[in-house]
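*Asks:* If you scroll down you'll find the structure; I have some questions about it.
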Amino acid sequence: MPIKIPDTLPAFETLVQEGVRVMTETLAIRQDIRPLQIGLLNLMPNKIKTELQMARLVGASPLQVELSLIRIGGHKAKNTSEDHLLAFYQTWEEVKHRKFDGFIITGAPIELLPYEDVTYWPEMQEILDWTETNVHSTMNVCWGAMAAIYHFHGVPKYELKEKAFGVYRHRNLKPSSIYLNGFSDNFEVPVSRWTEVRRDDIEKSDELEILMESSEMGVCLVHEKRGRRLYMFNHVEYDSTSLSDEYFRDVNTGVPIKMPHNYFPHNDPALAPQNRWRSHAHLLFGNWINEIYQTTPFDVEEIGMDL
């Protein structure tokens with residue numbers, strides 16, 4: 001089944017061109033199937049690019065998915081037009097009465113700020129608490145993952161001496177995990193962050209289990225043994241050129257930045273990078289969506305009632 005998004009959303013045509021099935025409201029109604037309700041809390045400055053990346057992954061599922069785009073209320077986006085936000089987004093205040101089968105919280109370029117210094121931290125805490133009763137399963141990504149694991153488990157983040165930046169080999173630590181079904185023993189994942197969480201802090205909690213890790217970059221994916229929250233600290237959703245875009249952005253503005261590790265062919269920025277993580281990104285999100293489908297109540301309003 002395809003993903004249901006507005007046909008005027010910029011991502012619509014790109015997804016069609018990429019072979020991702022998308023559907024209109026009319027077709028969705030005709031199928032008479034309850035779609036999985038997936039919310040995307042988009043904290044990234046370039047919201048259009050992030051919409052496409054996430055829609056591409058959740059839309060590849062054989063299940064019908066309805067994606068709702070959500071933003072923090074009162075926070076002005078710097079790189080996305082107000083017209084786009086008004087046309088396609090709702091604030092969390094506007095959707096907090098709803099229940100969602102799945103909920104994605106993205107990263108944000110505010111890693112170096114203490115959580116309490118983030119202007120929308122109080123609302124972020126409210127949203128995280130709300131997911132416990134109104135969301136069946138949550139996928140937290142990069143800063144969103146660090147914020148969530150700090151909020152729920154007190155796991156701190158640490159500033160790195162230099163940016164973790166590039167494509168790094170990771171290990172599958174639990175092949176039997178429902179979220180790693182079909183994963184290779186080793187695989188590559190894009191990394192782009194100034195902070196990290198550490199294994200020692202995560203292992204202090206009996207509720208957390210590390211599923212993916214890199215000998216160079218540390219912890220990548222954590223899940224809650226008895227919960228339905230995933231914490232992805234890197235960027236499996238990235239496009240082939242995402243790291244390149246970040247690199248040249250910093251070079252052109254004079255920001256000190258090293259070339260991304262293991263990314264450009266022959267370490268030559270003039271050569272187009274090859275995407276070596278796409279299949280595992282689809283596996284992870286596909287496994288997550290399938291687990292939601294297998295375990296979520298048929299009546300979406302019953303989500304949270306088993307607590």
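Residue numbering: from 1, along the chain as shown.
The backbone N, Cα and C atoms fix where each Cβ goes, and this holds for glycine too.
Not my notes, these are from Swiss-Prot:
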ACT_SITE  Cys142  active site, acyl-thioester intermediate
ACT_SITE  His235  active site, proton acceptor
ACT_SITE  Glu237  active site
BINDING   Lys163, Ser192, Arg249  substrate binding site
SITE      Glu111  site 'Important for acyl-CoA specificity'
SITE      Ser192  site 'Important for substrate specificity'
*Asks:* Per DSSP, Glu111 (site 'Important for acyl-CoA specificity') is which: helix, strand or coil?
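*Replies:* Where Glu111 (site 'Important for acyl-CoA specificity') sits, the three-state DSSP reduction gives coil.
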*Asks:* Does DSSP put the residue listed as 'active site, acyl-thioester intermediate' in a helix, in a strand, or in coil?
*Replies:* coil
*Asks:* Starting from the Cβ centroid of Lys163, Ser192, Arg249, which together make up the recorded substrate site, report each further residue of the same chain whose Cβ lies within 8 Å of that point, ordered by sequence.
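*Replies:* Near the substrate site, beyond Lys163, Ser192, Arg249, sit Phe165, Leu243, Glu246, Tyr247, Asp250, Ile257, Pro260.
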*Asks:* Please list, in sequence order, the residues in the chain of Arg249 (substrate binding site) that are at least six apart in sequence and whose C-beta is under 8 Å away from its C-beta.
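*Replies:* Arg249 (substrate binding site) has long-range Cβ partners Val255.
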*Asks:* Please report the DSSP secondary structure of Arg249 (substrate binding site), reduced to three states.
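*Replies:* DSSP call for Arg249 (substrate binding site): helix.
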*Asks:* About how far apart, in whole Å, are the alpha carbons (Cα) of Lys163 (substrate binding site) and the residue listed as 'active site, acyl-thioester intermediate'?
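*Replies:* That separation, Cα to Cα, works out to 14 Å.
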*Asks:* Do you know offhand how many angstrom separate Glu237 (active site) and Cys142 (active site, acyl-thioester intermediate) by C-alpha?
*Replies:* 11
*Asks:* Do me a favour and check the Cα-Cα span between Glu111 (site 'Important for acyl-CoA specificity') and Cys142 (active site, acyl-thioester intermediate); whole Å is fine.
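*Replies:* So the alpha carbons of Glu111 (site 'Important for acyl-CoA specificity') and Cys142 (active site, acyl-thioester intermediate) sit roughly 9 Å from each other.
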*Asks:* What's the CA to CA span in angstrom from the residue listed as 'active site, acyl-thioester intermediate' over to Ser192 (substrate binding site)?
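*Replies:* Between the Cα atoms of the residue listed as 'active site, acyl-thioester intermediate' and Ser192 (substrate binding site), the distance comes to 9 Å.
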*Asks:* Taking the residues Lys163, Ser192, Arg249, which the record names as binding substrate, find the longest CA to CA distance and state it in Å to the nearest whole number.
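*Replies:* Value for the max Cα separation, rounded to a whole number: 15 Å.
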*Asks:* Taking the Cα atoms as reference points, how far is His235 (active site, proton acceptor) from Ser192 (substrate binding site) in Å?
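*Replies:* Cα of His235 (active site, proton acceptor) to Cα of Ser192 (substrate binding site) measures 7 Å after rounding.
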*Asks:* Which residue, of the recorded positions Lys163, His235, has its CB surrounded by the fewest other CB atoms within 10 A?
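*Replies:* The recorded positions Lys163, His235 were compared, and Lys163 has the fewest Cβ atoms within 10 Å.
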*Asks:* Same-chain residues six or more away whose CB lies under 8 A from the CB of Ser192 (substrate binding site)?
*Replies:* Cys142, Lys163, Ala164, Phe165, Asn234, His235, Tyr238, Ser242, Leu243, Glu246, Pro260
